[in-house]
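**Student:** Below are the features I grabbed from Swiss-Prot:
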- CYS18-CYS58: disulfide bond (DISULFID)
- CYS73-CYS80: disulfide bond (DISULFID)
- CYS143-CYS173: disulfide bond (DISULFID)
- 16-175: domain 'MRH' (DOMAIN)
- 1-15: signal peptide (SIGNAL)
- 16-203: topological domain 'Lumenal' (TOPO_DOM)
- 204-224: transmembrane segment (TRANSMEM)
Amino acid sequence: MKSAIIGYMAVAVAAASCQFTVDSKNYDLSAISGPKSVEYTIETPPSKRKMEFVLDPCASLKQDKKKPADEQCPDNTIVCGLGYILLPKEKDFVLSEVMPFGNGPAPQYQPLKTGPEGTEGLSTSYGNPWGSEKLDIDVNYICSDKEEGPKLENVGLGLNNYYEINWKTPAACINDGSKPKQPVKEPGKTPNDGDDASNGNPSWGWFTWLFIIIVLGVAVYIIGNAWINYDRYGNAGVDLLPHADSLRDVPYLIRDLIAKVVGTFTGSSRTGYSAV
């Protein structure tokens, strides 16, 4: 049910820090901070049962003051389980169970309990009395290259009132506090692949140099003619600029310059006239 997590998000208080040290290893879960939910629905003829668990990796949950207190977990609950039931001929699920797990300002983490030996990650476990029953839950944050979000492992009625949530995420990997981890290499690329900018290569393309040479050549031509007109003829103002006859020669000068530059790069040795 989305209404439960929306209520917790509305009153969520950010933890002062989402960094934890377990067995002298540092972890930073801030990338997945904030209330998250996971749910499942099972058939319990003639009804249906829906279970939802809300948790925040960085802080405890706060009540929504706009909702009745008995319809939500108490303040500072670490994981809140909510059970709903859909009766025959009814359209909407009705809240039937409120199961708080843990209490405190933030989760208390231990080394990862699941997965192969050496797998990076964290675990948090809680057991609470619930009516005449006792509830237990394990939440495992498992180091992974891919974010998968929280998932319930024992979907069902809860064997012996035990629930387990596994969350595979890059945030659960050990944080050494130094340089960031290298990005995952794309298939078919070598470590030296990439463009000039990513490799720090300051070289420019020959087309850029050609453009710069042309601009400088035109500027020198105009300034040179202006100086000649001023020094030789005493012209001023607009008369300093090259005359119309000179301007008509500019395209041909540029064409010849481009031809020479291209010939230099291509190594062309062709001479003579071109066919008309």
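A Cβ is built for glycine as well, from the same backbone N, Cα and C atoms used for every other residue.
Provide an account of the burial state, proximal residues and distances for the features listed.
**Tutor:** Packing around CYS73 (disulfide bond) is summarised by its Cβ count: 25 other Cβ atoms lie within 10 angstroms of its Cβ, all protein chains included.
The number of other CB atoms found within 10 A of the CB of CYS143 (disulfide bond), across every protein chain shown, is 18.
Mean pLDDT across the domain 'MRH' (16-175) comes to 89 in this model.
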**Student:** Roughly how many angstrom lie between the C-alpha atoms of CYS58 (disulfide bond) and CYS143 (disulfide bond)?
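**Tutor:** Here the two Cα atoms lie 16 Å apart.
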**Student:** Out of CYS18, CYS73, CYS80, which of these disulfide-bonded residues is nearest CYS143 (disulfide bond) by C-alpha distance?
**Tutor:** CYS18
**Student:** Nearest by CA distance to CYS173 (disulfide bond): which of the disulfide-bonded residues is it, out of CYS18, CYS73, CYS80?
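**Tutor:** Nearest listed residue in space: CYS18.
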**Student:** Among CYS18, CYS80, all listed as disulfide-bonded residues, which has the most CB atoms within 10 Å of its CB?
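**Tutor:** Per the Cβ count within 10 Å, the most buried is CYS80.
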**Student:** If you count the other Cβ atoms within 10 Å of each Cβ, which of the disulfide-bonded residues CYS58, CYS173 comes out on top?
**Tutor:** CYS58
